[in-house]
Amino acid sequence: NLPFFASFKLINFTKAGEQEAVRCDTVEELMERGCRMEDVISPKNDIDITANQALSPEGREPVQMRPQRINLKLRPGLPATFKVSFKRAVGYPVDLYYLMDLSYSMKDDLANVKELGKDLLAVLKKVTKHARIGFGAFVDKTVLPYTNTNKKKLEKPCDENDQQCQAAFGYRHVLSMTDSEAEFRNQVSQQYISGNLDPPEGSLDAMMQAAVCRNEIGWRNSSTRLLVLTTDAGFHTAGDGKLAGILEPNDEQCHMGGQLYTKSNEMDYPSVGQLATMLEKNNIQPIFAVTQNVEKVYKELSEMIPKSEVGILSSDSRNVVQLIENAYNKLSSKVTVSHDNIPNDVRVLYTPICNNPGPAGYSEGVCDKVPISFNVTVTADSCIKTQSFTIRPQGIKDTLTVTITPVCECECARSVDSVHQHCSDKGSVDCGICRCVEGFIGQFCECSSGNKDTSALRASCRRDNGTECEGRGDCVCGRCQCHTTESGSSYHGEFCQCDDEHCEKFQNKLCGGNGQCNCGECKCNPGYEGSACQCTVSEEGCRTPNNSVCYGRGVCKCNRCECKEGYQRPHCQTCLGCPDQCLSKLNCIECLGFMSGPLKDNCNTVCRGSVHGETVEQFTIPGKECLQKDSEGCWIKFKLEQLVGEDVYRAEIDKQRECPKPPNVTAIIAGSLAGVAIIGILLLLLVKLLIHLNDLKEFRKFENEKKKSKWNEVKTLPSTAVVLNLSACDSRNKGHRDCGWKCLF
């Protein structure tokens with residue numbers, strides 16, 4: 001499928017065991033190998049123009065673009081270029097829809113627009129006899145926060161002093177396309193200003209409905225369609241509807257009823273992308289007539305909407321006719337070509353052929369002068385299905401339909417005979433390659449597949465479901481027949497996975513010149529070692545002070561120790577990443593030194609090979625001293641010395657263990673009882689104190705109440721003088737509190 005590769009079709013081109021893939025190469029390479037040009041198959045692109053009416057720029061149905069239909073047969077990756085011509089029709093019909101912002105800020109503009117019809121039709125009739133105009137108006141969605149939803153404010157959103165004010169609305173279609181100046185003036189004169197709350201307006205809502213409501217607006221099939229938007233404010237776009245709880249996206253459909261946009265309060269505003277797509281789809285060219293304060297906003301919008309223009313509107317819209325005329329002249333003098341429904345893996349580039357072209361190689365072509373032509377280059381990057389796409393000038397209904405058919409197979413003539421001697425009389429020849437009959441496989445159909453199908457036999461030539469024979473041989477009858485290498489030697493192995501040319505080199509010599517390469521590994525001659533046989537066999541650099549090799553914890557290669565994991569060079573003596581041996585050997589130390597612990601019953605069996613221990617009074621082994629607590633809670637001191645090998649130690653164990661004294665049970669019990677007794681006494685004292693405090697409180701309360709009772713008795717005596725019977729104070733009542741009183745007032 002590569003664009004510059006070709007194939008050779010003669011038989012006997014490949015050698016025995018050679019892959020048929022060598023037939024596919026560049027033409028130059030095939031010629032160097034002795035191929036004749038007439039035997040090389042290299043498919044070319046084919047361009048077939050099936051509809052090519054001449055340009056006729058006059059009449060009711062002019063032809064403004066040629067060709068109209070073209071079929072391309074494309075080889076993947078190979079571009080095809082054809083020419084497209086365009087000439088704008090003379091007097092081509094024009095439909096202009098005037099879409100006005102009727103928010104309160106446009107009050108002074110409305111009066112001038114009402115007289116606009118005569119001048120607007122006069123300008124359009126300069127370029128065509130078939131001009132029509134329509135009219136629509138917009139404000140914004142009639143929900144908060146865009147519009148005051150008070151009932152009175154919805155009916156009259158303007159100031160109280162304004163008598164002519166129409167109710168709030170989103171978008172209203174006022175007048176369908178007409179060529180009558182009087183009808184335009186009559187309908188527009190019935191329009192009055194309205195209002196809303198926020199500065200941005202619902203202009204995108206109105207433009208979308210004007211674009212998709214084709215029948216309601218009255219767009220003709222064959223006309224230049226202009227949509228003029230006049231406003232002095234910005235616009236709401238997709239997502240702004242969330243402020244009013246409107247979450248349903250715009251569906252790009254017409255929803256007009258009673259000349260009003262009925263889904264204004266139910267659907268979100270359209271996005272700029274949605275609007276641009278629908279304007280382009282319906283061949284509508286927008287003209288933004290806006291005031292200077294929003295010029296920058298609408299110029300940025302115009303850059304995202306193809307075939308659009310922006311003009312500066314005066315404060316009262318007096319210059320709108322001149323603005324529309326200038327914008328129309330700009331639009332009609334420029335042609336932009338684009339495409340629709342382009343298939344995947346297909347690229348289209350346009351190169352304008354004009355006096356003032358846009359940048360060549362762009363995905364869209366632009367010319368500022370007409371008549372003009374474009375070179376269109378189409379490239380298919382893969383073998384796609386037969387598909388079509390459309391090329392169109394923006395704003396014009398004429399189209400070019402391009403149908404792409406991929407060329408993904410060599411066009412070889414099959415042999416007349418059903419079987420051929422070249423294929424062992426078991427198959428036919430196609431492009432020089434044997435196509436075997438059922439039951440036979442192989443380069444020359446020489447193998448019988450037996451009870452296995454072809455896929456099963458080929459699967460036996462794949463290692464781990466990889467490439468067949470590793471791409472180095474042919475699968476013949478379920479076994480790999482290996483190819484020869486570039487140097488003339490052969491690949492070998494069950495799956496042709498081995499060769500004897502790709503071993504490690506030393507001093508630019510394969511295996512250092514001291515060994516043989518076998519299946520990617522060096523087999524060294526006696527006396528040599530290393531991955532490239534670069535070293536003489538020697539252990540001198542690996543010898544340790546105790547005359548061992550790498551302390552038995554590594555191997556000596558190329559006169560250097562290659563240590564086991566964790567051990568450090570040069571002689572693998574220390575291990576920085578190994579577990580702490582003081583802890584790991586504790587059980588063996590305990591059973592060897594004191595015949596206790598979890599290994600006391602099988603100490604010799606478990607510890608014989610790894611720890612050789614003896615009890616001492618003084619240590620002779622240098623280094624770290626271990627202090628560990630054994631199973632009986634005693635502290636054991638010992639030292640370890642690693643011997644030759646990975647897990648072999650000599651241990652010196654201190655004879656004396658430091659064991660803690662047992663607890664004094666009597667003292668603990670006596671102390672506990674004394675503590676309980678003291679706590680009980682303290683609790684009793686605390687209770688006694690609380691009871692005393694409570695009694696004292698009650699006594700004081702009683703005294704206070706007694707005093708109050710005495711005062712009340714005194715107050716109840718009569719106000720007249722009472723003469724006490726002094727004689728009552730006899731010896732029996734002597735000392736009574738009333739004795740001795742003479743009178744009481």
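Every residue, even glycine, has its Cβ placed from backbone N, Cα and C.
Unlike curated entries, TrEMBL annotations are predicted automatically.
There are 19 other Cβ atoms within 10 Å of the Cβ belonging to Cys165 (disulfide bond). Residues or ranges marked as disulfide bond in TrEMBL: Cys158-Cys165 (among others).
Residues or ranges marked as disulfide bond by TrEMBL: Cys354-Cys367 (among others).
Counting every protein chain shown, the number of other Cβ atoms lying within 10 Å of the Cβ of Cys423 (disulfide bond) is 25. Residues or ranges marked as disulfide bond by TrEMBL: Cys423-Cys434 (among others).
The disulfide bond feature in TrEMBL is assigned to Cys436-Cys445 (among others). The Cβ of Cys445 (disulfide bond) has 22 neighbouring Cβ atoms from other residues within 10 Å, across all protein chains displayed.
Under the heading disulfide bond, TrEMBL lists Cys477-Cys511 (among others).
The number of other Cβ atoms within 10 Å of the Cβ belonging to Cys522 (disulfide bond), over all protein chains shown, comes to 24. TrEMBL lists Cys517-Cys522 (among others) with the feature disulfide bond.
Sequence-distant contacts of Cys533 (disulfide bond), defined as residues of its own chain at least six apart whose C-beta falls under 8 angstroms from its C-beta, comprise Phe506, Cys511, Gly512, Gly513, Asn514, Gly515, Cys522, Cys524, Asn525. According to TrEMBL, the disulfide bond annotation covers Cys524-Cys533 (among others).
Counting only same-chain residues six or more apart in sequence, the Cβ atoms lying under 8 angstroms from the Cβ of Cys542 (disulfide bond) belong to Val549, Cys550, Gly554, Cys556, Asn559, Arg560, Cys561, His571. Annotated disulfide bond per TrEMBL: Cys535-Cys542 (among others), in sequence order.
Look at TrEMBL and you will find Cys558-Cys603 (among others) tagged as disulfide bond. Residues within less than 8 Å, Cβ to Cβ, of Cys558 (disulfide bond) and separated from it by at least 6 positions along the same chain comprise Glu529, Gly530, Gln534, Cys535.
Positions annotated as disulfide bond by TrEMBL: Cys575-Cys578 (among others). Listed in sequence order, Gly566, Tyr567 are the same-chain residues at least 6 apart in sequence whose CB falls under 8 Å from the CB of Cys578 (disulfide bond).
Positions annotated as disulfide bond by TrEMBL: Cys588-Cys659 (among others). Long-range C-beta contacts of Cys588 (disulfide bond), restricted to its own chain and to partners at least six residues apart, with a cutoff below 8 Å, comprise Leu599, Cys603, Val606, Cys607, Ser610, Val611, Gly613, Ala651.
Residues or ranges marked as disulfide bond by TrEMBL: Cys607-Cys634 (among others).
If you look up TrEMBL, you'll see 10-410 marked as domain 'Integrin beta subunit VWA'.
Positions annotated as domain 'Integrin beta subunit tail' by TrEMBL: 582-664. Taken together, the residues of the domain 'Integrin beta subunit tail' (582-664) have an average pLDDT of 87.
If you look up TrEMBL, you'll see 688-729 marked as domain 'Integrin beta subunit cytoplasmic'.
What TrEMBL lists as transmembrane segment is 665-691.
The disulfide-bonded residues under consideration are Cys436, Cys659. Their Cβ neighbour counts within 10 Å are lowest for Cys659. Of all the Cβ atoms in the protein chains shown, 19 others lie within 10 Å of the Cβ of Cys535 (disulfide bond).
Among the disulfide-bonded residues Cys158, Cys445, Cys575, Cys634, the ones whose Cα sits within 10 Å of the Cα of Cys434 (disulfide bond) are Cys445. The Cβ neighbour count for Cys607 (disulfide bond), using a 10 Å radius over every protein chain in view, is 20.
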